[in-house]
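The structure under discussion appears below in the form of structure tokens.
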Amino acid sequence: MSVPVTQTRISVPALMAYKGKQKICALTAYIAPIARMLDEAMDFILVGDSTAMVGYAMPDTLSITVEQMAAHAGAVVRATQHACVVVDMPFGSYQQSPQQAFENAAYMLSVSGAQAVKIEGGQVMAETTRFLVERGIPVLAHVGLMPQYVNTMGGYKAQGMTDAAAQRVLEDAVAHAQAGAFGVVLEGVAEAVGQRITESISVPTIGIGASPACDGQVLVTEDILGLTPGRIPKFAKQYADVGAVIKQAAESYAQEVRSGTFPDLEHCFGVKR
Ligand code: KIV
């Protein structure tokens with residue numbers, strides 16, 4: 001077997017080794033231009049099914065398909081060379097059985113070139129995590145607030161707010177870690193729960209509305225760039241107003257087209273100057 005000489009991309013085992021040594025930094029990307037700009041600064045890029053809402057203006061994450069996610073993941077992989085690329089398995093593509101999960105996850109990785117998949121679900125999905133990992137598919141588990149469970153949760157509500165609920169989220173995270181998940185995303189959980197889980201499992205926790213104690217953090221890129229309509233979630237922080245920059249550029253372009261100042265002759269072919 002021939003082995004590539006240079007493997008520059010951060011690997012799944014490398015991410016696991018960050019625990020207790022350095023924080024893991026992640027953002028979402030769905031398309032090449034954004035992925036290209038995130039690549040150097042990120043340890044992993046998540047091709048999240050949040051693209052259903054962010055990129056396709058769908059009301060929730062439930063309607064995105066395996067084919068759509070694989071196409072987005074392929075674009076992100078082709079545009080990057082440094083960050084590990086993890087892709088979300090969409091709703092309905094893995095919950096039915098470990099076999100169904102393997103078939104769709106194998107398709108996802110082979111079509112896109114991504115290195116790992118993320119699946120949502122509590123202890124009941126730990127068997128699927130084990131099935132995938134034992135067959136060569138690295139799994140990032142996602143517990144706590146799980147957007148694909150919006151209908152059973154009755155909305156997007158913080159989890160682990162009572163002792164019993166906190167214990168359930170802890171047991172979910174422990175079950176996935178024991179099943180071989182290389183990390184666990186903790187979304188929308190009480191801060192103390194995020195801290196306790198981070199101290200209790202041997203693989204990295206990635207917080208999103210969890211705790212600063214988590215081994216890493218992930219956010220939706222559009223939230224930090226000012227590209228999300230309306231208010232951003234409580235757990236996000238806006239680092240730039242790219243939305244305002246785009247709006248301003250569009251207005252300047254429209255004004256120049258309407259006034260006839262764009263295009264200038266320098267933008268035309270066959271003109272000697
Ligand atoms: O789909 C997504 O972007 C996610 C993150 C919010 C963790 O799952």
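Just so it is clear, glycine is given a Cβ too, placed from its N, Cα and C backbone atoms.
The annotation in TrEMBL ties ASP49, SER50, LYS118 to 3-methyl-2-oxobutanoate, and of the candidates under consideration, ASP88, ASP163, ASP172, ASP215, the one tied to the same site is ASP88. The record gives ASP49, ASP88, GLU120 for Mg(2+). Within 8 Å of the mean position of their Cβ atoms, the other Cβ atoms in that chain belong to GLY48, SER50, THR61, MET89, PRO90, PHE91, LYS118, ILE119, HIS142, PRO147, GLN148. For the pair formed by SER50 (3-methyl-2-oxobutanoate binding site) and GLU187 (active site, proton acceptor), distance between Cα atoms is given as 13 Å, rounded to the nearest Å. The separation of ASP49 (3-methyl-2-oxobutanoate binding site) from GLU120 (Mg(2+) binding site), Cα to Cα, is 11 Å.
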